[in-house]
Amino acid sequence: MEKKYILSFDQGTTSSRAILFDKDGNIVKTAQKEFTQIYPKAGWVEHDPIEIWATQSGVAREVLEAAGVNAGEIASIGITNQRETTVVWDRNTGKPVYNAIVWQCRRTASICDQIKADGMEDYIRENTGLVVDAYFSGTKVKWILDNVEGAREKAEKGDLLFGTIDTWLVWNLTRGKVHVTDYSNASRTLMYNIAELKWDEKILEELSVPASMLPQVKPSSEVYGKTDESMFGVEIPIAGIAGDQQAALFGQACFEDGMVKNTYGTGCFILMQTGEKMVHSKNGLLTTIAWGIDGKVEYALEGSVFMGGATIQWLRDELRLINDAADSEYFASKVKDTNGVYLVPAFAGLGAPYWDMYARGTIVGLTRGANRNHITRAALESIAYQSKDVIRSMEEDSGIKLSTLKVDGGATANNLLMQFQSDILGVEVQRPMVTETTALGAAYLAGLAVGFWKSKDEIAANWAVDKNFLPEMGEEERTRLYRGWEKAVGRSKDWER
Ligand SMILES: Nc1ncnc2c1ncn2[C@@H]1O[C@H](COP(=O)(O)OP(=O)(O)O)[C@@H](O)[C@H]1O
Ligand SMILES: O=P(O)(O)OC[C@H](O)CO
């Protein structure tokens, strides 16, 4: 049967999605299902791995049916996933020993304090590219082994396996035959040495995690195995894996050093491709593996903005200034500027480059003439200012000046935000036709491995622009506004201490 499509699995934090792509990189059909968020205690976040598998395999079958596509027409499957989220299961029964501990979960903060007290911080930063934080998988695995009855004994006997969500999905798709991950996911675990490309023994020892639990780390584009026949009636090669932010970088065809993408969702994830060069940040950005492909590994610098689209949700749900996120553009357009108002959405502290967990949200510059539209506009602009903060750090760390910014994610629908982003950066902002770049990136990785696409050049040629935003603001105005932002950030800092 002619192979006409690639099936992409996009297993995100709140929903599982399956998207069918054709050879031009266009979406043929999408199926999506949300799943349960489990909050056992304040600051704890879990998912049920069985529900993740059920929703993901469910939408995969659903999308084929809805598109009227035969499984035999699928050339391969690509997987992209919420990163860092940790599953530990029994290799004999395939049953998880505990819920998945989600990347957002803060329960291992005290384990992180202990690692720092043990003097491991610099070593970890240098060898994993990450900071010691509860965000990453390593301390989550340790927590499960330390807290689930019998888990440590089983792990030491070699009966337990660890995986991020990609690994868990491949294990289930192959009915327990394949235990792998890719470089990009491994680089988010806190246990992987990104310079030497191997699990780091010293860190494993610090965390007391047996090496026998760990998946084999493979390139991001390769046939890892085939789906069990019971899944789709035929065996389909599983041929691409990447963490979601790296997959988006690939889907945006950021193949040259210095290319940057920003995904504007709840938060904003900004990644700069740095090629074979591993750039260590002086500004608290993360160094991570973008992907491993064509026999080499390429790196990226990553910075995130905690409150991106979430700031607009706050306007909607708490201030009730708008009914719908899209209304923000309409109201912000009613005024020509913010009238001197700045909103710093440091609701959960400030990330890179400030790293101030005691900062809190603030609105400054209010005068008698300030109205709700000014505040809405200031909220939108804050997303662009925070992105600029991260991008400036990237430029400083890498010595590469940004030439264009490729954007994706829900909030890129907002033209006013995109224009302001271009204005405040002084660079062109490019919004592609396909903004599902995460799933597209995984599809491309899977397609390359089976010859569905021949080269990265062919993929780059598929990238098509929907709209380019060019800077219209003068340099003087840009500097004046950004100075105001920095001053506003100063007012929000160190508030809670
Ligand atoms: N037109 C818009 N203007 C501003 N923000 C928007 C707009 N549309 C969606 N958003 C914001 O984008 C986010 C949703 O984008 P999405 O990519 O689906 O995020 P996630 O993957 O994090 O759930 C929400 O936080 C929402 O407030
Ligand atoms: O599922 P998302 O899109 O919220 O992404 C989660 C990130 O991978 C966390 O690092």
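Glycine residues also receive a Cβ, built from the backbone N, Cα and C atoms like all the rest.
Curation plays no part in TrEMBL annotations; they are all automatic predictions.
Glycerol is bound by ARG83, GLU84, ASP244, GLN245 in TrEMBL, and the record lists one more residue there from TYR135, TYR192, TYR299, which is TYR135. The ATP site in TrEMBL is built from THR13, THR14, SER15, THR266, GLY309, GLN313 plus one of GLY119, GLY158, GLY163, GLY410, namely GLY410. Residue pairs drawn from THR13, THR14, SER15, THR266, GLY309, GLN313, GLY410, the listed ATP binders, are separated by up to 18 Å at the Cα level. Between the CA atoms of THR13 (sn-glycerol 3-phosphate binding site) and GLN313 (ATP binding site) there is a gap of 17 Å. With the fewest other Cβ atoms inside 10 Å of its Cβ, the least crowded of the binding-site residues THR13, GLN313 in this structure is GLN313. Mean model confidence for the domain 'Carbohydrate kinase FGGY C-terminal' (261-449) is a pLDDT of 94. Highlighted here are the binding-site residues (THR13, ARG17, ARG83, ASN414) whose C-beta falls below 6 Å from ligand 1: ASN414, in sequence order. The distance from the Cα of GLN313 (ATP binding site) to the Cα of ASN414 (ADP binding site) comes to 14 Å.
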